[in-house]
């Protein structure tokens, strides 16, 4: 099986389709700014973590001992859920089941038996899950972290929980969650992060030569383009000057800053305000959205009325599946593209020999178990139990290849994660960065793979698991490991 799978290595610069879509039909391209047009170095997460930690100490009177903790780059992955009242961070799959082995209190895993006792199993009921945007509100006890900016927030939550437990301090988890959320919010709202990035832009922004190439390609092909971001003008202008140059506005037909997404997509009340180059808000009524001007706030309904840009001729790219994409695809029929920077790293891992070997043997063991479980004699059952244990070991090994604590962003063992489920529902296409567009001409049609449903026969070769059963029986313990 190995040579067959080794020929199926995936190019990390591929654009993947959940829904059939032709670029020939797209006339207008829209973009978010952070982690869509601008990509940040790992220094930014360290910065956010350190500032928020110090806000907790100096403004919320948390212990000085928290200064011992620094940002841990590979501790968490995006898409995790946090149980606010139990102070537990965990990964949940598409069917609302907790992936055992990925539940953490502070910086340490919680034993499976303890998790099962707390939740009376491993299923999380719908009523305690987060709301539509992943937030914990209205009595919900779960918050889902879908934003790349939330990686330092999750890490800070884990570190503060760890400090309190290590020092036997009795604390209220709900207060801790709210304080950390507020401290992280202050880093953005008070402009601390923006000023730091602007002051040392080369340290924090990864130079966007390919971003410039994508926008230029679209412009040269006569496509309309717009930018809708929650970030303020000064921050966006400084970043875009660095990535593209001082004439960056010439590429866009409409630029909207401080849009307040996802409210922008739902609230019909907020009108647009024009912003001068010096950041002064003008009071005049907006009758047209003019090229070269900057607008603040507003709402999508007014945007549609002023531009006439409707339906499936618009393709909008963003990194936040809820705030950027969900409403656009559900309510307005826009086409959507999700930018998932983690995708490049995960595909490179999937292309390694270690991963291919692990998955091949795991699939083979699963097929053996499925077909051989009908043998009920003692000798066969002893072998089957050995296979079950080995399969569990291989599943843990496959998880650890991606991230020792939480595994892959996209899978909980064999099931898709809750993150994957939302990605497949709200994004027509997804990719590691918008630079992937450079590999396709603007007439290209994306076709999703026809993967068989469980009751459908796999008629195409790459879907068959035949061959797994051809492994000699006596090699079940050693082959392909």
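Note: Cβ is positioned from N, Cα and C throughout, glycine not excepted.
The Cβ neighbour count for residue 32 (Mg(2+) binding site), using a 10 Å radius and every protein chain shown, is 24. What TrEMBL lists as Mg(2+) binding site is 32, 319.
As annotated by TrEMBL, active site, nucleophile applies to 32.
Per TrEMBL, the feature GMP binding site maps to 34.
For residue 34 (GMP binding site), the count of additional Cβ atoms within 10 Å of its Cβ stands at 21 [all protein chains shown]. Annotation comment: TrEMBL describes 34 as active site, proton donor.
Counting only the Cα atoms, the space from residue 319 (Mg(2+) binding site) to residue 34 (GMP binding site) is about 8 angstrom.
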